[in-house]
């Protein structure tokens, strides 16, 4: 005899435990599970838990060398999704000892590693995570956070304004720097490298950094305002990424940038630590996110990627506009924006938030609005997202018929008009267009922008929508 019962047993016999009471130290997950025909939801939910904790496909004798009951993940509740056939939300608890401290990489490797390829599942999506306070305290988080950034920039009481330099690829470093200067001189707070601007043959990174630094210091001197350009440090190796961040700091630049999903969480966390130690702000782009989060029944919701970014570290992150060209349903978007900015967020299924999340004073992240927005969107953006956001107009600045600087002027005037109207008690949602028209009477740059983009709409139905609420 081998001393144990060999063979295969159903996952639900071990990992489905509806009587389990969750602990404050557990990582909790909500999965949207779509089982294959004939697979009970309890078995599908338990299978996910097994593969992401202590399980394998058969009983093994080394199970007897540890306490599986202590370390196994547990599926503690399953509920059907209203309006969907054969779709369930499975709630899972993971013991904290399964995860390495301060490692988003390890957390995701465990929770969303192999399980998404299970044959027993037609589809699987991670909808939300509750990260326990004990685990949060092992992370540095954002390099600086919202309040420290405002203090560094000396900018209060309004959203920050940015612009992505276009065309994103093909400009020489000097012409690129010229566009940066014109936008900053016109009134923007930031300009930005696009996510795929790294170090290509037409514009090597060092040349771009030098011309952009010259542009922002010249604009600062002429306006008396602190300016920044998101210098993209993303590179093919972590060593090269850090070399670029070091050079940016040596130039005196206030902010660098990273593509956190394509660059990876290990690289991102390393860069965030360097930024805190050296006084650099860190702008995060979410390139590749829609590959992971776009489909409603498979992948991972962006609210999970947003929480992971806050743990890994970033002072800004792109997070949808609601009104522009990119995906973003209002209630869902505001839910994960609060998860980025606020210190404590209550469970609220009407906004897609499955768990109450306490961030125990981890610094917050500014949500960046970008993608197909222009001056007519300014009232809605100001009203929806409030002051703690970055409004980034690429084509909505550089597409101005009079040039880059007038495009920046138009956006700054529109923003100041909206903030002033809001502070006077006017309703931006109801009076937004009138507020912009009034401001355009004394700003020819804004008037020209209003004329160009008066008929631009992106009216497409969102792919990712909320489930019907349970009674």
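Cβ coordinates are placed from backbone N, Cα and C, and glycine is handled just like the others.
The N6,N6,N6-trimethyllysine annotation in Swiss-Prot covers 5.
According to Swiss-Prot, the feature substrate binding site maps to 114, 164, 168, 286, 318, 370, an assignment based on sequence analysis. Annotation note: residue 114 (substrate binding site) sits in a helical segment as assigned by DSSP.
Taken from Swiss-Prot, the feature active site, proton acceptor applies to 166 (among others), supported by sequence analysis. Note: residue 166 (active site, proton acceptor) has non-local neighbours 194, 394, 395, 398, i.e. same-chain residues 6+ apart with C-beta under 8 A of its own C-beta.
Positions annotated as N6-carboxylysine by Swiss-Prot, on the basis of sequence analysis: 192. Sequence-distant contacts of residue 192 (N6-carboxylysine), defined by Cβ-Cβ distance under 8 angstroms and a gap of at least six in the same chain, are 162, 163, 164, 165, 229, 230, 257, 283, 392, 394.
Proximity of residue 195 (Mg(2+) binding site) to non-local residues of its own chain (separation of 6 or more, Cβ distance below 8 Å) is seen for 232, 234, 259, 262, 285, 287, given in sequence order. In the three-state DSSP assignment, the secondary structure recorded for residue 195 (Mg(2+) binding site) is coil. Per Swiss-Prot, Mg(2+) binding site is recorded for 192, 194, 195, and the stated evidence type is sequence analysis.
Counting every protein chain shown, the Cβ of residue 285 (active site, proton acceptor) has 28 other Cβ atoms within 10 Å. Marked as active site, proton acceptor by Swiss-Prot on the basis of sequence analysis: 285 (among others).
As annotated by Swiss-Prot, site 'Transition state stabilizer' applies to 325, with the evidence given as sequence analysis.
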Margin query: So the record assigns 114, 164, 168, 286, 318, 370 to substrate. If I measure every Cα pair among those residues, what is the longest distance in angstrom, as a whole number?
Written below: 37
Next item on the list: Specify the secondary structure state of residue 168 (substrate binding site) as given by DSSP, simplified to three classes.
Entry: coil
Notebook entry, point to check: Other than 192, 194, 195, which residues of the chain come within 8 Å of the Mg(2+) site, judged by Cβ distance to the Cβ centroid of those residues?
Noted result: 164, 165, 168, 193, 196, 197, 230, 232, 257, 285
